[in-house]
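S.K.: Not my notes, these are from TrEMBL:
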type	residues	note
DOMAIN	9-139	domain 'EamA'
TRANSMEM	38-56	transmembrane segment
TRANSMEM	68-90	transmembrane segment
TRANSMEM	96-114	transmembrane segment
TRANSMEM	126-145	transmembrane segment
DOMAIN	155-293	domain 'EamA'
TRANSMEM	157-173	transmembrane segment
TRANSMEM	180-200	transmembrane segment
TRANSMEM	220-240	transmembrane segment
TRANSMEM	252-271	transmembrane segment
TRANSMEM	277-293	transmembrane segment
Amino acid sequence: MNSPRLQAFLALIAVSAMWGVAGPVIKMTLNHIPPFTFLWIRFCVVGLITIPWYIAYLYRRTISLKDIMILSLFGLMSTTIHLSLIFLGIERTTSTEAMLIGSIAPIFIVLLGVIRLKEHVTSRELIGMALVLLGTGFTILQPLLSGNGFTNVTGNSIILFSNIVFALFVFYSKKNFRHYSPLFITLHSSIVAVVTYFPLALIENGGTLPSFALLTSSGTVFFGIMYMAIVSYIMAYLLFEFGMSKIEISEGSIYTYIQPIFAAPVAVLWLHEAITVPFIIGATIIVAGVVLTERK
């Protein structure tokens, strides 16, 4: 493995670990703070750190009001809607199931390309995608077999829907905003998140302004918010962009699929989640489908 590819490998493995661990961190922190308050404070922290980059970008180039409005719409999709669904889903299911279902998001992007752009897919890829969807459906419903009832099924379904929202965001943002850097789109989305999560946090707290004192209300809350703001958002994004700059875009999706490998042991150790036989069956079907779909 040459040096640039090794650097990309190490960077993207680190990103997969950061994002994989994020599921258990979210689940653990939601036991102490409600989801929209969590998200609002998280993005306030992100904003305090990244606002200089955002202002510097705006200083260097002029952006039309139309583009600002459309970028804000995409920011609404990628943060307010997408992340809200993830947090609400994790609140209602196990972090291992959430991370497994969430890791197949690239398959939905491929499906969208087939449906909207009539992109060619081989019969092997079709079988692979069918297996991924079958395994996902089994994973969503498997809590019924494990005796966890409809609450987990609801959470799993919400996570699945978040994948669809994310696929729509990636597909249409790449199609419409190739002339803006992914970094700027991400920075603008974080600003949109601060604005849009504020009223949701207000409603969640009965009209009371969420206090930043929550950050120090417990070690769990402080760790959870700081991890999600600094490690899982800022550091992971910078490493992701670094890694993706050194390999083909199509190669990057494979690193998304391995996030549950990092999530599972953390969930078992921290949250005492059980890895059930039905979960393993669903995961195995998904892995088989991913291998078929991604094999060159």
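Quick reminder: no glycine exception, Cβ is built from N, Cα and C everywhere.
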S.K.: Given a Cβ distance threshold of under 8 angstroms, which distant residues of the chain, six or more beyond its ends, lie next to the transmembrane segment (220-240)?
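M.R.: Tertiary neighbours of the transmembrane segment (220-240) are 11-12, 14-15, 18-19, 21-22, 25-26, 28-29, 31-33, 38, 41-43, 45-46, 49-50, 183, 186, 190, 214.
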S.K.: Mind checking which residues of the chain, 6+ beyond the ends of the transmembrane segment (252-271), have their Cβ under 8 Å from one of its Cβ atoms?
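M.R.: Contacts of the transmembrane segment (252-271) (Cβ under 8 Å, skipping residues fewer than 6 from its ends): 12-13, 15-17, 19-21, 23-24, 27-28, 94-96, 99-100, 102-106, 243-244, 283, 287, 290, 294.
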S.K.: Please figure out which one of 96-114, 126-145, 157-173, 180-200, 277-293 racks up the most CB pairs under 8 Å against the transmembrane segment (68-90).
M.R.: 180-200
S.K.: Please identify the stretch among 38-56, 96-114, 157-173, 180-200 with the greatest number of Cβ pairs below 8 Å relative to the transmembrane segment (277-293).
M.R.: 96-114
S.K.: Count the CB pairs under 8 A between the transmembrane segment (38-56) and each of 96-114, 157-173, 180-200, then give me the winner.
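M.R.: Looking only at 96-114, 157-173, 180-200, the most contacts with the transmembrane segment (38-56) come from 180-200.
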S.K.: So how many of the residues in the domain 'EamA' (9-139) end up helix, strand or coil by DSSP?
M.R.: 113 helix, 0 strand, 18 coil
